Structure formats: structure tokens, C-alpha cells
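Asks: Quick paste of what TrEMBL says about this protein:
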TRANSMEM  115-133  transmembrane segment
TRANSMEM  169-186  transmembrane segment
TRANSMEM  250-274  transmembrane segment
TRANSMEM  294-312  transmembrane segment
TRANSMEM  478-498  transmembrane segment
TRANSMEM  504-526  transmembrane segment
TRANSMEM  564-582  transmembrane segment
TRANSMEM  594-616  transmembrane segment
TRANSMEM  667-685  transmembrane segment
TRANSMEM  705-724  transmembrane segment
TRANSMEM  776-796  transmembrane segment
TRANSMEM  802-825  transmembrane segment
Amino acid sequence: MEKKELQVGFSVQQKPFKIQRPGSGGDLPQIGGFNPFPVARRSNSSHAIAMDDDMESGNLGPYKDRPRTFPNMRSKPYTPLIFRILMRMNIRVVFILVLLGLGAVFYVGARTSPIIVFVFTVCIISFLISIYLTKWVLSKDEGPPEMVQISDAIRDGAEGFFRTQYGTISKMAVLLALVILGIYLFRSTTPQQESSGLGRYTSAFITVASFLLGAVCSGIAGYVGMWVSVRANVRVSSAARRSAREALQIAVRAGGFSAIVVVGMAVIGVAILYATFYVWLGVDSPGSMKVTDLPLLLVGYGFGASFVALFAQLGGGIYTKAADVGADLVGKVEQGIPEDDPRNPAVIADLVGDNVGDCAARGADLFESIAAEIISAMILGGTMAQRCKIEGKCPFYGCDSDHGGSISEQRQSIFRGQYEMIGTCNIFDPSGFILFPLVVHSFDLVISTVGIFSIRGTRDTGSIGATEDPMAILQKGYSITILLAVVTFGLSTRWMLYTEQAPSAWLHFALCGLVGIMTAYVFVWITKYYTDYKHEPVRTLALSSSTGHGTNIIAGISLGLESTALPVLVISASIVSAFWLGRTSGLVDDAGNPTGGLFGTAVATMGMLSTAAYVLTMDMFGPIADNAGGIVEMSQQTFNLQPESVREITDLLDAVGNTTKATTKGFAIGSAALASFLLFSAYMDEVAAFAHVPFTQVDIAIPEVFVGGLLGSMLIFLFSAWACSAVGRTAQEVVNEVRRQFIERPGIMEYKEKPDYGRCVAIVASASLREMIKPGALAIVSPIAVGLVFRILGYYTGQPLLGAKVVASMLMFATVSGILMALFLNTAGGAWDNAKKYIETGALGGKGSDCHKAAVTGDTDVGLAVMVNTKYALPFFLANLFPEVSAMLFQCFCFDDIGLQCGRPIQRHCGAFSSCPYQNACNNNSRHGSCLSLRVVHNEVYSPDCTISLYYSYLLRM
């Protein structure tokens, strides 16, 4: 017996397959099917199955001790390190640690703000609800042992790939953390940063710790999605044998568990970091950092989450689509066998891909999207509050008059026992605008939970399709969630954003949130219209298949291109409407200029993501339903256990799942478009704060800036090309392996030989891990490289902000190009898939017809290999990761303070020295010109900090 260990985490064991004559009591069944279950055997009766006692009684034991359907795929069950440590501890010790952790969290929250305590409370209650959902799903039966064995094989493959993939990602994350540490240790700091406790070492520690925490949380979010999907799939299959609606409810609640955990982790993670830094740095105390600058320290958290999500999406997407292409091209087109047929060597790899590509990757993706949106909105809220000098009623007790005391002084009175409300004080209190995103997503957890529980099962055993459309049931839950979101958003804006300076501002921002909520709803409807086979576009695409493969591809590309128009119009209207609603809110700076426009777009983005937990629930529903259909198909053909109506139910749920996946990804693209505007603005605010010069506009008429825009658009196409090539190369390996097995084992088609499923799983896992590196590295390295090149160019041409401006242009053009590309790819891929599903329902000749073969070609050759995989990573690549890399590492291409600290003269070719030119800023302002002459020459008024510009001193020397 030869045993070979593959590098991707699977143990492949070559075992000879013994063939015996039918009726001899051996391994092969008599009724025309091979037995892939080593522990099950058929008796001499033509239809009876005789199994080992443990399987016959249904007592399979724990997962790790069960007999395996495919022992050559077995891998160790994967559990994250922190969970393994806790599992080895005594339960009492774990309980004490949890209590201590909760106590520390609430103590830090109480020292920060009552709002943080509210956020902590909602998140913890949501986690308890997710535990209930888990217990409810796992309490459902797994069905016959044959179905359980197929589910175990899927679980083995998913956990083996997840362990290897995240092991690779963790190593890359640690390496990148060391690079970030070096950048922050060797960068210069300003006197203001030093005095506020943010020296080099402190900044480096905070940034690296935030990055690693974000990476770990994003990894756990992906694991949660995969963990529930590999356990819920078989339970949905079993429920489909009784009731279609029960199967729907199990799939929705399984997805709801993952969604609540993911959103809750994103919210509580940001809240804990904010509260910890607030207490540690003594924010708002004399000489310390301002509370409005605190959100800038959280950028590392979003970058860490984006880093993991990028590679999770790329690796998982390459895996699932390459396996899908290999299984469909050879199985459906060349061999003419149905989808999820057990004779297909790539069928298990295809089912595993649904979990690692859709569930795990999407969990990490949405976690990253929400974290990035929260942090960018907090940055913009803090910036606007500082410019407008927001005043509000002090929420802390012990204040007896109007005064200008610090918030920290008022807060301390709580802990001295002064709990009487004596009066109120009008003090600078921007916490409402900074913490508003956390409150919005806390309410998201509440309303999405209501929407999830609104979908209930029934005792009826009929098909849903006879009376009720499953998509209509999901939309009903979404409508409930939307209505609750409108109410809670209005309450949140009145509670958090009311200010006496502009009493009606909260109403303007509430309308901004309503714009975002309606944008989300319209986006979902538009994508559903273009991807659901009940509507004309998909049926027209299916009809084009009747004239050949080429017309199917042409019609699909045309549909995808057309589908970009309506979403772009909706996004444009949303951005402009939200901006002007915010601009007319009445909030102005010291000079009387309106400042609420950008924050209005931030509020609209929050409104669009205010139902994110329910949207992720619908997204997770799709791959779980797909897996359930595969389990039913394999067990039905092998053992003839399932009636045809069960497969019809799972096919219906699968088709709905395809639509929900497309609609939720359309939702993700729309939210990414709005979030990209936020992150772009947050990036400009960070550069301005770091350089101490205004940075509010980017002039694309400057040649270097225009070139940066061209590079940004080019990167979108290059990234797409590399992702497509990765799918194509991996799919070729799978296709060659499946063809080889059909040639070398001709008995597979007659159920006389057993396919080697594990070999296909190992091939696609190894290739996907190898192929994800190149496009992922492009997303991270490109903005840094461009910024560095133009930073050097700007130094020699007297343009200190050139690097930052070029990168800003690069972000803008990449966002515009990426939005259009992602919309095209997402809609076209979903339409091709559902056109195939529509024909498989019996329309236009049904399965096996020439029309069906053309639809399969469009779906697999183009829809999967080229379109669908690319859309996995494009939305957050362009809208989240790209700006976050720039916002976190902009020090690489931006001069700090645009100069040097006072007292440190600068010397260049001419030997001239310069020091601070600002009047009354220091004692060294007499050398090299006056402050007035600098301002007149350069037509700018700069912050009166004790700094001098490298560029301006160079001009003076000339």
C-alpha cells in the first residue's frame, strides 16, 4: 500500500479497487451502480442494502472517528489555534477567562463612552443568538448514513484546503507585518506626535497590532462561514426529503449564524481597539491626542482584514471555479452525465469549492468591507466634527454649568460617585459623529436577526414551488429588514448626530441614510432582473443558445455590458444626492464653508450596509443549497434512496441560490463603490494631517497625475487578466486529470470502477494556492511602487505632494474602471449560469439537448472561467484594499510635515540653511525670508506649526 503526502494538506492513499461479478456478494451493487462506501455492502437481493451494524442503526459516532467514503481524501479536522488552546483548558478556567475578558471590555468601554458600552452589549447578545442558531441547525438530523458519508468527504476536502490556504496567508501576513514595522520605525515624527504619546515605537506597535488583529479576525470570519456550511449542507439535504420550506429555513438560519458572527466581530473589533487606544493614550487629556484623530490609528485593522480577504477570495475563487469548469466541461459536455454525478472524478472538488470559495471567502470579504466602511466613516466624522467644532450636551454626570472643561474631566466624575444630574454643559463633543457607524451596525445585527427569524418552516411536505416562490420568501424577510432599517436609522441619527449648531442636520443625514438604503434595495432588484431566469434578459440569453455556442457567448457579453448602465446611474444619483444633503445640513467651519458633504456620502454608505447581516445570510444560502443538491444527487444515483421530487426541491433552491449570490455580489459592488469614495476622502485627510498642508483637490490636468490615472485603470484589467489566467490554468489541470481517469478507467461510466476523487481535490487545491500569489501581490505592491517613484520625481522637481497626488489619481481611475468591470463580470456570469439552469428545467429541449450544451459552454468556458472568478476579488480590491494600502503606507510616498522640525536646518547643493518661516512660531524665523513672503509667493496659508517645507526652502534658495 503506497501512501503519498501532498503539500496541500491531503493524504492520498492508493488502494486497489476490487471488481467482482454482480450477485457474488462483493463490493459492487447489482442494480447498475458502484458502491463508493467501503463500509456498506449490498446483499444478493437486487434492491436491498445490507450495511455494517453501526451504519444500519445510524450510529456513526463522532466525525473524526467515522468510516470514510473516500479514505484517500481524509485530512485532520481543522480548528483555529485559539480554539484549540481553549478546548484543552478546563471548562472552569475557560469560563473564568471569558468573564475576565468581558469585564475588561466593559470597563474599558465605560471609561470611553456609554455608546461603546451599548455597542458591546448588542454584539454580545448577538453572539448568544448565533449560538442558539448553531444549536438549532445542528439539532436537525443528518439523514441516512450514505448522505452523511458524502458530507464528510466534502468536509474533509474543505478543512484540508482551508488549513493549507490560511497557513500560507498567515505566513505572508507576518512577513508584511514586519515590513510595516520597519516602515513605521524608520519614519520621522512631528513634535505634536511625540508630545501626544505617539512616538515611533508607539505608532509602530499600534499599527502592527491593529494589522495582525484585523488579519486574525478576518481569518476567523472566513472559518465561521466554512464551518457552518460543511455541517448544514447534509441537514438541508435531509430536510428536503420532508419539506422544501424546512430545507429553506435550515439553509437560511445556517447562513444567519455566519452573518451575525461576521458582522458582530467587525463591529466589536473596531470598538475594542477604539476604546483601548482611548484609555491607553489618555485621549482628550491635556497634551494628549485629540479624539478626532483617534480613528486614524485604526487603519491597520482594516488593512489586515483586507489582506486576508484578498487572498481568501482569490484562492477560494480559483479553487471553486476551476473545479466547476473541469467537472462541467468533461462531465456534462464530453461524457453527457448530469451535474453532481458520482461518476465524475471532479464532483467532490466541485462541492468542496462551494464552501471554500463562496462561504469562507465571502465571510472574510464582508467582514473586511464592514470594517473598512466603519473606520473610514469614523475618520470623516472626526474630521468634520473638528472643523465644525461640534457642540453637544455632555452625556456625563457631574456638570453644573456651561464650561470648556475636557471630556475626560467630566468622565472622571462618574467614578468619584457623583451621579446626580445637576445640569448640562456645551462642550466640544464629537463622539456622536465618530461612533455613529458602530451604532448603525449594532442596529444592523438587531434588525437582520428579526429578518432571519421571520423565515419559518412548515409541517407541510409539499414543494414550495407549488404555492410559494423561495425567492419571494427571502425577499419578504429582506423587506422586513429594510423597513426596520429605515426606523432604526432615523432614531440613530437623532440620537447621535443632533447638534445645537445645526438643529436640522440630523434630519439631512437621516435622509442620506434613506438614500443608501434605497440604493441597496434598487441594486438588489436590478441584479435580480438581469440574473433571474424568470425575467426576460436571462430567457433571451437561453434562447440564443438554440443557434449555437457562439451566439450564446455574444448574447451573454451584450447582457453584461448593458447591465452596467442602471447601476452606475443609481450610484451616481446616490453620491450626488447624499453629498448635497450633507452639504446643506447647516454644519459649517470657522470660515462659514459647508463641511457636511463628504460625511453625507459616508452616512449613505452606512445606510446601504445597514442590512449587511441579512444580505450575507442570503449569500451564504446559495452554496449551502448547492451542496445539498450535490449530496442528494450522489446518494440518489448510488443507492436510489431519494425520490425525484427531492432533487427537484434542491434544484429549485440551488437556482434561487444562484440568484441570491449574484444579487448580493451586486449589492457588494454598489456598497464598494460608495465605500471607495469614503476611503479616498479618508486617504486625503490622512495625507493632509501627516503633511500639515491642505490636500483637498487632485488636478488630473497635471501630466504626472493623469499618468497615475492611466496606471490605475490598467491595473484593473491586468488584475482581471491574471485572475482569469489562474482559473484557466488550474481548470486545464483538472480537465486533463478527469479525461485521464475516464480513458484509463473505462469502467467508471458503467459503474464498474471507482473514480479517484482525492486526486482532483489535491490538484485544484495545490494549483489555486500557487496561482493566488501573483494577482494578490499586484494589488498590494502597485500603489506603493507608484507612490515611491513619483515621490522621488517630486523631490527633484519641487513637488513634495506629487507622490500622494499620483496615487490619489490612481485610486480614482481604478475605482471607476473597477466598478464597471465588476458589474459586467458579476451580471454576465450570473446570467450565463441561470440560463443553463433555465434550460435544465425542461425549457428549449432540456438537459442533453444542443441548446443545453451551448449554455453549458457559455457558463463554463466564459461565465465561470473568465467572468465569475474575477468578480470575487475585484470589488473590494478596487474599493477597499487598494485605498487602505495607500492610506496605511502613504508615508512611503509623502513627506512628513513637508519639511523638518524647528531647529533642524536643511542643507542642499547651495549650502543654504532654512528654518521655520512662520511668525511667532519659534525664535528662528528671521533667516531666509519672512512668513509673509512665503505665503504671497505660493498663494497658500499653511498651518502655523513649527515646520519648514523642503520644496519652499528650495525655491527660496533659487
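Any Cβ shown, glycine's included, is placed from N, Cα and C.
Just so you know, TrEMBL annotations are computer predictions that nobody has curated.
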Asks: Among 169-186, 594-616, 705-724, 802-825, which stretch has the highest count of C-beta pairs below 8 Å with the transmembrane segment (504-526)?
Replies: 594-616
Asks: State the non-local partners of the transmembrane segment (250-274) in its own chain: residues 6+ outside its ends, Cβ under 8 Å from one of its Cβ atoms.
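Replies: Result: 105, 108-109, 112, 116, 119-120, 123-124, 126-127, 129-130, 133-134, 136-137, 140, 210, 213-214, 217, 220-221, 224-225, 228-229, 231-232, 235-236, 239, 294-295, 297-298, 301, 305, 359, 363, 366-367, 370-371, 374-375, 378, 435, 438, 441-442, 444-445, 448-449, 452, 455, 457, 474, 477, 612-621, 624-625, 628, 653.
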Asks: Any chance you could find the range in 294-312, 478-498, 594-616, 667-685, 776-796 with the most Cβ pairs under 8 Å to the transmembrane segment (169-186)?
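Replies: The stretch with the most contacts is 294-312.
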Asks: Hey, which bits of the same chain come close to the transmembrane segment (478-498), Cβ under 8 Å, at least six residues off its ends?
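Replies: Counting only partners 6 or more residues beyond its ends, the transmembrane segment (478-498) has Cβ contacts under 8 Å with 115, 392, 432-433, 435-436, 439-440, 443-444, 446-448, 450-451, 454, 505-507, 509-510, 513-514, 517, 520-521, 524, 603, 607, 610-611, 614-615, 618.
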